[in-house]
Amino acid sequence: MATAPATEKKAPAKKAAAPKAAAPKKAAAPKAAAPVGAATGRIAQVIGAVVDVQFTGELPAILNALETDNNGNRLVLEVAQHLGENTVRTIAMDATDGLTRGQPVRDTGAQISVPVGPQTLGRILNVIGEPIDERGPVNSDMTAPIHAKAPEFVDQSTEASILVTGIKVIDLIAPYAKGGKIGLFGGAGVGKTVLIQELINNIAKGHGGVSVFAGVGERTREGNDLYHEFLDAGVIAKDADGNPTPDGSKVALVFGQMNEPPGARARVALSGLTMAEYFRDQEGQDVLFFVDNIFRFTQAGSEVSALLGRIPSAVGYQPTLSTDMGALQERITSTTKGSITSVQAIYVPADDLTDPAPATSFAHLDATTTLSRAISELGIYPAVDPLDSTSRVLTPAIVGQEHYETARRVQETLQKYKSLQDIIAILGMDELSEEDKLVVARARKIQRFLSQPFHVAEVFTGIPGKFVPIEETVKSFKAVVDGEYDHLPEAAFYMVGGIDEAVAKAAKLAEEA
């Protein structure tokens, strides 16, 4: 498998690359050009996204990219299987409508490669690295194959430090690790995309390094909104004429949306990751890699799996589910050169966390943020379940003793309240002991205090977004579990930032009463 980090593209002489791109170019290895008179074949059959191609001479290798013309558009096919009788089975990266049997297909002699480097910043690309933002070609003279080996163990870094998000429930209960992998689990409509957009707002905008956003099988509208938000926030820079420019931009976007064929959705996460790896390995940067939604990567794999003739495994998923997931996730890691911190939204089919797709992702993650429908029904947003979310870095050695104890006491209070809910439902609050009544009152305040207004939701809610520093979060929750704010009404804790805002809101409520 090709593992070259980046390769020079044989192309007509162009303008010299910007001086700042010169340093990493030394590491780029020359790419073997597609052989002269490279193998050509003919389409034998087309079944949806899967195309069989028959060759007369040498067969292309597995994962090679083949090219054909489809009504004037370049269509890329990736070799998935050798069937015998000089036939290969391929997965199409775009719609196959209009293909005909007997149509010629050319072997490129290499894997699908995408542009990498500073010129990809501020651009929107598709799975095969073509720009889809109507702003002309990407002026990068470096490309990299989308399939690569994961870094060796000796090259990986194991330092643990916290990535502050400014979101109370996350920073307190399930903090994120720098250079770690984070999963946002949730069913349909509980707020995964809004949470990932808030994380982009809070982390990427203040982050000095580069971010890569891979939109995998999600709504085109959300991708469009995100692009315009980045433009407004200055994450994508503009030139003197007000047009987006790579110079000064901090984010590259790669989209393979819901309307794309499964081939594109199954590979677009790898295309985005390849761009992120370049910044990590060649420029030594700390990269943020956002994926929305990793479940669609699995779903696309299962769509083509049956067409490839594989026997389905549990719940109809592809038999190679954990291998496919591992091949992607093992590449998302921190090395001695730089780091990739990955935030992945993971759709949970029918709210069932034991479904093979989300369950396979769990094993790879450093922190899991589980979004609960029951909490969203209470109107508490972000609808993070504090008892079901976990983090590898929530240990006294990393977060400190005070933070660790506060988080555990908050969880303990909420767990006691959860166990008392059946009694309350049957007998009512009056049957509880005084001690239990106090636990319930505190737990309900904590529950509401874990809500927070988001910057990205400000246009819908009309409430200004809040970023809460981690020290203030710990101090506020410690005071609440210690009973310092038992005298404040529950409503004062809902949709505020720090504890000072809750006190001010309580005073305002008292005036209105």
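These residue numbers are counts, starting from 1, taken along the chain as shown.
Cβ coordinates come from backbone N, Cα and C, glycine included.
What Swiss-Prot says about this protein:
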BINDING   G186, G187, A188, G189, V190, G191, K192, T193  ATP binding site
COMPBIAS  14-29  compositional bias 'Low complexity'
REGION    1-29  region 'Disordered'
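Residue environment of A188 (ATP binding site) contains 11 other Cβ atoms, counted within 10 Å of its Cβ in all protein chains. Classification of T193 (ATP binding site) by DSSP places it within a helix. DSSP assigns A188 (ATP binding site) to coil in the three-state reduction, outside any helix or strand. The ATP site is set by G186, G187, A188, G189, V190, G191, K192, T193; from the centre of their CB atoms, other residues of the chain with a CB within 8 Å are Y347, L371, S376.
Of the listed binding-site residues, namely G186, G187, G191, the sparsest CB environment within 10 A is found at G187. The number of other CB atoms found within 10 A of the CB of T193 (ATP binding site), across every protein chain shown, is 20. Remark: V190 (ATP binding site) has L371, S372, R373, S376, A383 as non-local neighbours, by Cβ distance under 8 Å and separation of at least 6 in sequence. Around the Cβ of K192 (ATP binding site), the same chain contributes L184, F185, G186, D292, N293, A345, I346, Y347, L371, each under 8 angstroms and 6 or more positions distant in sequence. G189 (ATP binding site) is surrounded by 10 other CB atoms, counting those within 10 A of its CB over all protein chains shown.
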